[in-house]
Amino acid sequence: MTVIGTPFTDNATRVMLLGSGELGREVALELIRYGCEVIAVDRYAHAPAMQVAQHSHVINMLDGTALRAVVEQVKPALIVPEIEAIATDELVKLEAEGYTVVPTARAAQLTMNREGIRCLAAEELSLPTSPYRFADSLAGYQQAVREIGFPCVVKPVMSSSGKGQSTLKNEADILPAWEYAQSGGRAGKGRVIVEGFVDFDYEITLLTVRHKAGSEIKTSYCAPIGHRQENGDYQESWQPQPMSAAALQASREVALAITDALGGLGIFGVELFIKGDQVYFSEVSPRPHDTGLVTLISQTLSEFALHARAILGLPIPTIEQRGASASSVLLIQGQSEAMRYHGLNTALANADTEVRLFGKPDINGSRRLGVALAKADTIDAARDKANTAIAAFKVDL
C-alpha cells in the first residue's frame, strides 16, 4: 500500500523531476495534489515545473557527476525523467544502488536515442516498422539514403520535438538534411537514422499506462489521439481519433508489447502509423507525451494524473474519455526574455475552451509557449475552437 509522508519533514515523499518543461509542470502539480514534495531539475532556471515545485536545481543533466550529486543530496523516493537528454548511464548506476527510476533506468536509456528503441521494437520484438538504416558519417549516411530510397526521413538518433528532422525527396536534399541533423541533436553532432517513408492514412499516440491493480501490474489504454505535425513538431492533437476496431486492437497489441518490454510503472506515449488496419510502430516515450496535452480537457484523469497515480502505486479503476476534444499549440518565433501575452479574454470567450500558458522564461528561435484546449460535439468543431483560441493571441517580444 502507498504511504505518503509530509512535505518539508524527514518522512516527505520526495519526487525528483529530471526535466521541468510544460509536461513536467503538470506532473508536478498532480504529485503535489497527492502530498508529494517535488524537486524540479533542469538545465535552465525558472523552467515551468520549477515555478510550481517546492524545490529546484539547475544542472547539466548530461553530466553524470552533476546528476549524481543532486540525487545524493535530495535522496528522492522516485526519480522521474521528463526529457531524453539525461546521463542515462548514471541513472542505471543509481538504480542499481537502490534508487527508483521511473519507469526504469533501462527504459530511459533505450528511449534516449532512436537506435536503442528501434532495435528493440524491430529486431527483438519483431514489431512492424518502416525500413531503416543508421549512419555516423557522411559517407555512411549517403549509402543509407541510397539503400532506403526516396522519399525518406532523416533524424538525429538523439533529439526530440522534430529538432534536426528532414524529409528527403531527391538528391538535392541529401547534404542539407545531413547538416541540419548534425546541428539538431540534443547531445550534439552524431549518429542519424534514415527511415523509409510510410504511406500512412494517419498517425496516433496511444497513451498506455502500466499501473498497480492489487498485487498485479495492469496495462490500460487511453482513447487514441490523432495529431498533426509540422517538421516533426506537434501543432494540433485531438481525441478520440476515429479508427477501425481492427486497427485499434492491433495498436493496443503493439503498445502492450513495447511497454511490457520496457517495464516499470507509468504512462507511455506510443506513436504509431496507421494504414487501413495495418499498424506500424514509430516511437515510444516512457513519460507523458506532448500530444497528450489534449487530455487536460478530454479525460477526467489527464495523462499527467494517470502518470502520477501509476508511479505512486495508486489504483486507476477507469479512464473516462469526455468526448470530442482538441488541442492547438501557441508556437512563437523570435527572441525575448520578457514576453507579454495579449488575447486571453478573446481566447476564453467560447464555452468549453481552456488555455495553458507555460510561463517559459525566454524565447530564442521557435518555442512552444502555450496550448489551447477545446471540447465540442465533433472533432472538427473542437479543432476549430482550439485553433480559433490560439489565433486570438498576440505575443509581444
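If you go along the chain as it appears here, the first residue is 1 and each next one adds 1.
Glycine is treated like the rest: Cβ placed from N, Cα and C.
Note that the structure is a prediction, hence the values are computed from the model and not measured.
What Swiss-Prot records for E22, L23, E82, D290, K360, R367, R368 is N(1)-(5-phospho-beta-D-ribosyl)glycinamide binding site. Non-local neighbourhood of K360 (N(1)-(5-phospho-beta-D-ribosyl)glycinamide binding site): G21, E22, A47, P48, M339, R367, L369, each in the same chain, at least six residues away, with C-beta under 8 Å from its C-beta. DSSP gives K360 (N(1)-(5-phospho-beta-D-ribosyl)glycinamide binding site) a coil state; it is part of no helix or strand.
Here R114 (ATP binding site) comes close to K155, V157, M158, I193, E283: these same-chain residues lie at least six apart in sequence, with C-beta atoms under 8 angstroms from its C-beta. Taken from Swiss-Prot, the feature ATP binding site covers R114, K155, S160, S161, G162, K163, G164, Q165, E195, G196, F197, V198, E203, and the record attributes it to sequence analysis.
The domain 'ATP-grasp' annotation in Swiss-Prot covers 119-312. Mean model confidence of the domain 'ATP-grasp' (119-312) amounts to 94 (pLDDT, 0 to 100 scale).
Summarising the environment of E271 (Mg(2+) binding site), the number of other Cβ atoms within 10 Å of its Cβ, over all protein chains shown, is 20. Marked as Mg(2+) binding site by Swiss-Prot on the basis of sequence analysis: E271, E283.
Sorting the binding-site residues E82, E195, E203, E283 by the number of other Cβ atoms within 10 Å puts E82 first.
Candidate binding-site residues: G164, E195, F197, E203, E271. Nearest to D290 (N(1)-(5-phospho-beta-D-ribosyl)glycinamide binding site) by Cα distance: E271. When the C-alpha distances from R368 (N(1)-(5-phospho-beta-D-ribosyl)glycinamide binding site) to the binding-site residues G164, E195, F197, E271 are tabulated, the minimum falls on G164. Looking only at Cα atoms, F197 (ATP binding site) sits nearest to E271 among the binding-site residues L23, E82, E271.
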